[in-house]
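To keep things clear, I will list the structure first and then write my remarks on it.
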Amino acid sequence: MIMALAFVANGVHAGWEYARATFYGDMSGADTMMGACGYEDLFEQGYGLATTALSTALFNNGSACGACFELRCTDSPWCKHGAGSIRVTATNFCPPNYSKTEGVWCNPPQKHFDLSMPMFLKIAEYKAGIVPVWYRQVMCYKQGGIKFKIKGNPDWLLVLVYNVGGVGQVADVKIKGSNSGTGWIQMTRNWGQNWQTFERLEGQSLSFQVTASDGKVLQSENVAPPNWQFNTAYEGRRNFN
């Protein structure tokens, strides 16, 4: 159950921040797939249509990917009465448009959520187009363990990290092969939640060490077997939930 908003003396919601929200795509959510966070089929990967693209001020060069937010429509006649709030996961980027001076909601320094249409319609009328919202970051609750999709080629390993609970945001990833004498190998963020290394690790079982943005560390041992395949996802036994 989502708790009711608390107020401080100046009328601002305690613990919440002010932003605006629009929507993109249609009710199918097709346009929300394959976004700037590196996620692919959002239904298959467990995010569904409860998703949002973030403006530059919130996206933070992709480090906000996977974060979960609670939003409530406010101060608009188009807010749906009694709608309450929604929870969404950041899966895409709402790019700025510097060629215009009006209607550029995703330009810095504005905080803006570009929601999937189904989520926008839970809190506001379609004709509104854009509404003010209160928002706050909340914990993400995911089923099962953290998942790792291995992509790339023998000389370049690219791993998509998803289905992350807790704060949802991945700040650091290390990888280790079962035959590696070097121990944990530091991976670097390629884009969104895709992490890369140029170490050759074929024929070895793979373990991952994931650090979330709140500093918590989770180690997933031997997630991928020695005969792991490219373009295949493997699930760890634990999560940050």
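Backbone N, Cα and C atoms are what each Cβ position is placed from, and that goes for glycine too.
Now, the feature entries from TrEMBL:
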DOMAIN    34-145  domain 'Expansin-like EG45'
DOMAIN    155-236  domain 'Expansin-like CBD'
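With DSSP classes pooled into helix, strand and coil, the tally for the domain 'Expansin-like EG45' (34-145) is 17 helix, 34 strand, 61 coil. Under DSSP, the residues of the domain 'Expansin-like CBD' (155-236) split into helix, strand and coil as follows: 0 helix, 45 strand, 37 coil.
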